[in-house]
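Colleague: In case it's useful when we look at the structure, here is the feature table from Swiss-Prot:
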TRANSMEM  22-42  transmembrane segment
TRANSMEM  107-127  transmembrane segment
TRANSMEM  133-153  transmembrane segment
TRANSMEM  172-192  transmembrane segment
TRANSMEM  208-228  transmembrane segment
TRANSMEM  269-289  transmembrane segment
BINDING   HIS271, HIS332  heme binding site
TRANSMEM  302-322  transmembrane segment
TRANSMEM  324-344  transmembrane segment
Amino acid sequence: MAIKKLNNITLTPLQKQNRKKIQVWLYTILLLCFAIVLVGGATRLTGSGLSITEWKPIHGVIPPISINQWQEEFLKYQQIAQYKVLNRDMTLNAFKVIFWWEWGHRVLGRFVGLVALLGLVLFWVTKRIEKNIFLQLLTVPILIAMQGIIGWWMVASGLGQSNLTSVSQYRLAIHLIAACLVIIFVTYLSRGLAEYSEKPANQGVQHFAGWLVFLILVEIYFGALVAGLHAGKVYNTWPLMDGQILPDGLLNYDPVWLNFFENPLTVQFVHRCFSYFLFITAVIHALYVQKSVPHSAHAHRAIFLCIMIVMQAFLGIITLLHEVPISLGLIHQGGALVVLCFSVMHWRATKGAYRVVE
């Protein structure tokens, strides 16, 4: 039987075919995750996240149809603080707009969970999954289910007896980071099943690439705090913040550590500064990879990652200067996911393909 060798890993034609099919499934999940995060971003930017006040995992898929059903949903929304404080003049038609955003976000979440579960069952029944990756593939639908639970936990922070007019920024950040962890995991798995013509990089390059992924995730976390606190609406100037390098009020909250999570000014300041640190780290990484494995695909990817980080920072600046319109906010959020995905692909590629275990 003909065989194919990948980084000293020998594959039969059937194994190669199975890996490609699993990759297509994983990339489908990845694209759906991208869509969910972007719809979630639009849901947040349009103030739609609290429009559905109940969690019905099964029959919640069916939206209101009759006028009475719509009135019932609207009445439930009228009981929460967001309506009482911000939207007392909202009409039923205006409510329908925010309802559809949240409904679409939830239905997409259920759909990606279904795709993940059914795909896993299909590949398992047809014996296409190699033993050494079965548990990792099983983890995908589990992570997606957990993300759904975290999503409801986030929404619940703005319901009931809460006096919040939006969800908790802490829970929003956790929800986004959990989504990013799903994206990281799926990307890492799919790239591990790819074909590589170049040998793996040394341990130093591999570890550095992994740390870069972590730093990008930290920057996304601070971006989520910016979103949750609406911190992009303040100090819409660059490179200075209201004409200052260190603006007044950075440490106004007591205790001091609270400023880094609840002070909009401080959170935006940290998000800005960490982006500069991230770029410098990416440049050092590119130089290190070029020195370790000169003129290799690893080095080329590291350079391209630097370019992507600069482009993402530029997008962030434009978004800030325009006071975060929905379109630019979504483009900036989508750009962050693209940078994250590419960094994970780069990290996984430095390791080579998964070994075959019969």
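Think of each number as a place in line: the chain as shown, counted from 1.
Placement of Cβ uses the backbone N, Cα and C atoms for every residue, glycine included.
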Colleague: Excluding the flanking five residues on each side, which residues at least 6 beyond the ends of the transmembrane segment (133-153) place their CB within less than 8 Å of a CB in that stretch?
Modeller: 22, 26, 29, 55, 57, 106, 109-110, 112-113, 116-117, 120, 123-124, 171, 174-175, 178-179, 181-182, 185-186, 189, 192-193, 354
Colleague: Looking at the transmembrane segment (172-192) and the transmembrane segment (269-289), are there 3+ C-beta pairs under 8 A, with each pair at least 6 apart in sequence?
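Modeller: Between the transmembrane segment (269-289) and the transmembrane segment (172-192), which are separate recorded stretches, there is no contact, as judged by 3 or more close Cβ pairs.
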Colleague: Please give the sequence-distant neighbours of the transmembrane segment (302-322): residues at least 6 beyond its ends with Cβ less than 8 Å from one of its Cβ atoms.
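Modeller: 209, 212, 232, 236-238, 275, 278-279, 282-283, 285-286, 289-290, 328-329, 331-332, 335-336, 338-339, 342-343, 346.
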Colleague: Enter the number of other CB atoms within 10 angstroms of the CB of HIS332 (heme binding site).
Modeller: 23
Colleague: Taking the Cβ of HIS271 (heme binding site) as reference, which residues of that chain separated by at least 6 in sequence fall under 8 Å from it?
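Modeller: GLU219, PHE222, GLY223, LEU225, VAL226, ALA231 - these are the non-local Cβ neighbours of HIS271 (heme binding site), listed in sequence order.
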